[in-house]
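Here's the structure we're looking at; comments come further down.
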Amino acid sequence: MPIFTVYQWGQGLCSAASGEYGSCQPNNECILRGGIPAGPCAGGYGTCCIFMASCGGVVRENGTYFVNPNHPDSTDGTGSCQLTILKMHQDICQVRLDFDHFSLNGPEIVNHICNTDQFLVSGGSPAPTICGSATGEHMYIDAGMGQSNPIILTVITSGPSFPRSWRVRISQIPCGAIAKADQGCLQYHTGVSGRVKSFNFDPLSGRQLSNQDYSICIRTERNFCSIQYTACPGAVPGNRSRTFTLSGNSNSVVQAMVGGGTQGSPNSCTNDWLMVPCAKIADRLPMASTCEDKICGGTFNAEVSSVERTVVSTIRPFRLAFHTDSIEAPTDVDNRGFCLDYVQQPCTSNK
């Protein structure tokens, strides 16, 4: 029987009663490294060490939380709050931002532009400016080569008083890690099934954000060859779903529109759209011989219709692209964005 147990300090996660994750550190090191002791770990030999930083902070500890001033309470202050992320070492290729909690003032109601509050990422790969709610969402930011490429997170707040709060977990991802996202993916989902949403989506009160242009990727699991997407259930059972409303006036039924077309073409997507590569209706028999790439309107369907349908894509790797322009009014009114449930489909002999 071994007399001693060897603990790998800093390996794995431990959790605090307040919900944050930390790393297990020797008792005397947590405070020296700028962390917050959050209870025992490693059988009492170590301390679960939480790292938090706010405005003006410079961080390089993996798993650091970027929090609002006055955290865990909200703040109604205005100004600019900036955090600088430095790589732990030069073999870091990406930074993942997990929005454990994120609530800023939403976009204005006419064109849905974030003109009072904004969350911005600079110094890495392009990321859209967001505002409103993003709790439960995430972003992957390419960190560039070498060690001297800081990534800067900025929250700008202005305008009327609003209870703003955020807690964003920062994970540094090594270049060879299995958790590394594919190139060009702002969001990267894993698993046979899951859910994807636009930022600030809410079927009752959300507003689709303008000036969005990014890709959502889903890792192709082994022995799966296609993927099906279905609009999420509506907020009120029996009522019309508003879980896919990208263009048109969503206060009434807007049919699905598909394809790129040209400006002014009927039933096409020229301003705001979700790109689903070679989308077809999943249960149409026989399967359609043609497919579409862009879907918009207020109904999720791969064909022009007012009836929601499940859509399938066989193009791998699985990837969606979301685009919105800077104009909503007067044609587009009260669009919420999108929420889709996905299920990967196993390979069969005829695929």
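Count begins at 1; order follows the chain as displayed.
In case you wondered, yes, glycine gets a Cβ from its N, Cα and C as well.
No curator has checked TrEMBL annotations; they are predicted automatically.
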- Could you tell me which of Cys93, Cys131 is bonded to Cys114 by a disulfide, according to TrEMBL? Cys131
- Note on the structure: Ranked by how many other Cβ atoms lie within 10 Å of their Cβ, the disulfide-bonded residues Cys114, Cys131 are led by Cys131
- Query: Which residue counts does DSSP give the domain 'CUB' (55-173) for helix, strand and coil?
  - Reply: 0 helix, 55 strand, 64 coil
